[in-house]
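Colleague: Quick paste of what Swiss-Prot says about this protein:
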type	residues	note
BINDING	D214, H216, D225, D229	Mg(2+) binding site
REGION	299-314	region 'Binding of phosphoribosylpyrophosphate'
TRANSIT	1-32	transit peptide
Amino acid sequence: MAAKAAALSSSPFVSSRRLSSPAASLRARTPRCVMGSEQVRVVVEEEGKTKKRMGVAEPRSAPPAVWTPRAPAQEARLAALRTDGRDSRLKIFSGTANRPLAQEIASYLGVDLGKVLIKRFADGEIYVQLQESVRGCDVFLVQPTCSPVNENLMELFVMIDACRRASARSITVVIPYFGYARADRKAQGREAITAKLSANLLTEAGSDRVIVCDIHSTQALGYFDIPVDHIHGQPVILDYLASKTISKDLVVVSPDVGGVVRARAFAKKLSDAPLAIVDKRRQGHNMSEVMHLIGDVKGKVAIMVDDMIDTAGTITSAAALLKQEGAEAVYACSTHAVFSPPAIERLSGGIFEEVIVTNSILLPEHKCFPQLTVLSMANLVAETIWHVHRDGSVSSIFQ
């Protein structure tokens, strides 16, 4: 790990701060937030007139950096992908939810991002037309179903149908963040299981395969009647942490009992670090209460691991408890930055040394703050797509 850290420390995107100095005061720095270099154009047709509406924030003259791992072995694999990736049967299209990620994935594979026209009519209906042939092609549709969830999900359904009617050989939906994944069971009577419904609708629309990243509950993978490849964002976060000088006094913390398996796997890969658990009781939707700590964090650097950060109530309450129990510094690591209000206020309040997320969800500028670091998962998704396209093993990517 030391050799890897030395090799990666020269990257201009790597923070100069070290985990071995947790007591250092929080310094203001430019947030490493994802912003698209290209805008997603959504056309609204109203009374015969065409108006333009931008689906993402305006790009800035100097977009903040997104840290991408540069391990030599990984670079060799990606070089092979770029060399062999000029396969006319491989087509990658993007919806409006996260075009910058889709563009980066296509660039890694050495292919052009597919041309597609996506329009919104005056009454809100969605129109999709593919601008190139997909007959006999393996089509991959990149679309996280993040906020606005229903809008992005419906747009994905329409894109799937357009590809199916255009005689695509296979249709794989790439969903970096799977909305409704938390509605995976009936907690009370007369409730819907929306995760299962979403899986059914994706199948009925015409999907042949699904690629998802760090779905909230792995049992939801069984809701699909088609093949599902479940990939993990942990390697991206672990590579970033490996680029820093890791303190020996390190502890991985699960912010709730439900995330223990995830945190234990993370701790094992992080030099077999000790594990601590925050026990809490949830009082209602988007509300939680931290009860007590299981484990020792006194004088240690705490790395909190979760699959997503929504309102940040759970993770900030847990971080406050860790501070009370004597943790020198607290880092938050999560694959999905949902960031529903009041998450930004909670996360930027100074309790976290750093908040580390991936670009599975496109973050607008108003959701960026000084402690935020965004890591790119494009290379991980690109390798997965290539293995699926070539009928290779996806699990081998994570070994």
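The backbone N, Cα and C atoms fix where each Cβ goes, and this holds for glycine too.
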Colleague: In three-state terms from DSSP, label H216 (Mg(2+) binding site) for me.
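Modeller: Note: H216 (Mg(2+) binding site) is coil by DSSP, not helix or strand.
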Colleague: If you count Cβ atoms within 10 Å of the Cβ of D229 (Mg(2+) binding site), leaving out that atom itself, what do you get?
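Modeller: There are 19 of them.
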Colleague: Helix, strand or coil at D229 (Mg(2+) binding site), per DSSP?
Modeller: strand
Colleague: Using a 10 Å cut-off on Cβ-Cβ distances across all protein chains shown, tell me which of the binding-site residues (D214, D225) has the largest neighbour count.
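Modeller: The most densely surrounded of these binding-site residues is D214.
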Colleague: Which residues, sitting 6 or more apart from H216 (Mg(2+) binding site) on the same chain, put a CB under 8 Å from its CB?
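Modeller: In sequence order, the residues whose Cβ lies under 8 Å from that of H216 (Mg(2+) binding site) (at least 6 apart) are F178, A181, R182, D184, D307, M308.
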Colleague: What mean pLDDT does the predicted model reach across the region 'Binding of phosphoribosylpyrophosphate' (299-314)?
Modeller: 96
